[in-house]
Amino acid sequence: MQSNTDSSGTSGTYSQTVGLLYVFNLIVGTGALALPKAFQSAGWLLSISLLTFSAFMSYVAATFVIEALSVANAVLSKKRRVEYDDVVVADGPSTFEIAKKVEVSEMASMFLSKVSLVFSYFAIIIYLFGDLAIYSTTVPKSVMNIVCSTINASIVKSSDPCHESWPEILTRMTVYRFFVIVFVVVVCLPMVIAGITKTRHIQIMTTLSRWAAFILMISLATMQLSSQGAAAHPPAYNFHGFGSLFGCAVYAFMCHHSIPSLITPMRTKENVFGKIAVVYGIVGVFYFTLSLTGAFAFEHVQDIYTLNFLHDDNTSLVYSIIDYFLALFPIITLTSSYPIIALTLINNFKVVKDILCPKTGQENESLLEADNQIEDNDTDDEREARNGNPARNEKTIFDVLVPTLVLALPTFLSLLTDDMLLLASITGSFPGVAVQFAIPCLLVTAARKHARSVLNFPVPRKNNSPFQSPFWIMLISSWAGFSMIMVLLNLVGVKF
């Protein structure tokens, strides 16, 4: 796999400011749409506290990925010197400069044991299954609420008719399930078969629509609070809502798998740890503003927050356009991302198959390269690397069963439930914890050991994570373990 950037040129590079903007765009995704509901359920004080601490833990894990990335560059630098110079040159601080993109999966192959490597791949696979289930729930539910009666003014049940004048058999759940089938079979399946990926034009459209949607939601909720006062009064804390809040918090701060693709092309990495901390702080303020205004402005916050803006009584054409734009926002963004996630998942299964049943001469593909394309920094090189491996063109039973499983299992989950908050909570709380916390901790521990024992040179201070003490790894592990236990207790109905 080729990188956009190498040590000899500046092709595909960008300024540090642009890179940090990419990081911001990567973090602030559709997972934020579940936060207002989680805030209202868990209470404002507990929500602020947990989201702050979870964001800090996520930041610590992100610095671990960057440090491991610098060690991976040193490994590749030493390998190139041995191959081309036929001599071993003493390692030094300059070899740790981040000049070549090394994906998380490649770092796992460099530093981790086979058991840890397989664990990492399976964690990503389960996480991506959850992603697809969330996508195939959010889009059909948004379409159903556009077609059916709006829900902002009252609580409706899934068994209620879509419209009063429609036959009773056409309940909201029936219509939702119909759109699940249409979305997966009619819309996404052809794109997956054709291997369609996002173009630069779609990237620009989704980025602009994302910014417009979040700004509109914050502005409209703030205006409603100013003119009508608080419609709801969430408690300070409700520990029964801990599970959904934690899962959504992990899901909302997920960016670690794409860090190598965002950090490497930066022309300067000066003080990158501090500046990423600033980005995390800005994202946190953004999430607090979105979630708190929503939690207090609406009596009943929907699990897909954009649905709260489908008013029962539209007062003007402008409001109608805004309301339907917000309802269409997740449909536009997630439909374009679904086939890429599905193709990534298919490739991941093939990689795991190659690890467990290795075949001579086959290369280990990047686990997450296609997943990185979902965000605003995907490139033609990455698409070519993912789709252009001729060794994988031979069709076998495995090649038929895996795509079927990849599409069928998330679709089945979406047919069972339309609760996007539940799916986001489970995805964030279990496989999300592995991706965001466990894998970075495994990587940085193994990378530091590799630097000392194999490279015979410690990681330079400028490339070091600010969190060098083993205490931080133990803290992240303890936090992740405690939170998963709390989520599990919440899911089985234990009251606090």
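From the backbone N, Cα and C atoms, a Cβ is placed for every residue, glycine too.
Note that the structure is predicted; figures quoted are calculated from it, not measured.
According to TrEMBL, the compositional bias 'Acidic residues' annotation covers 367-382. What TrEMBL records for 17-456 is domain 'Amino acid transporter transmembrane'. The feature region 'Disordered' is assigned by TrEMBL to 367-389. Annotation comment: TrEMBL describes 20-39, 45-71, 115-135, 175-196, 208-225, 237-255, 276-298, 318-346, 396-416, 422-447, 471-492 as transmembrane segment.
Sequence-distant residue pairs (6 or more apart) of the transmembrane segment (396-416) and the transmembrane segment (20-39) include fewer than 3 whose Cβ atoms are under 8 Å, leaving the two stretches without contact. The stretch with the most CB contacts under 8 Å to the transmembrane segment (422-447), chosen from 45-71, 208-225, 318-346, is 45-71.
The transmembrane segment (276-298) makes no contact with the transmembrane segment (471-492), as judged by fewer than three Cβ pairs under 8 Å among residues 6 or more apart in sequence. The stretch from 45-71, 208-225, 471-492 with the most CB pairs below 8 A to the transmembrane segment (237-255) is 45-71. When Cβ distances are compared across the two stretches, the transmembrane segment (20-39) makes contact with the transmembrane segment (208-225), since 3 or more pairs at least 6 residues apart fall below 8 angstroms. Sequence-distant residue pairs (6 or more apart) of the transmembrane segment (45-71) and the transmembrane segment (471-492) include at least 3 whose Cβ atoms are under 8 Å, placing the two stretches in contact. With a cut-off of 8 Å between Cβ atoms, the residues of this chain six or more beyond the transmembrane segment (115-135) that come close are 104-105, 108-109, 257, 334, 337-338, 341-342, 344-345, 348-349, 351-352, 355-356, 367-368, 371, 406-407, 409-410, 413-414, 420, 423-424, 426-427, 430-432, 434-435, 438-439, 442, 446.
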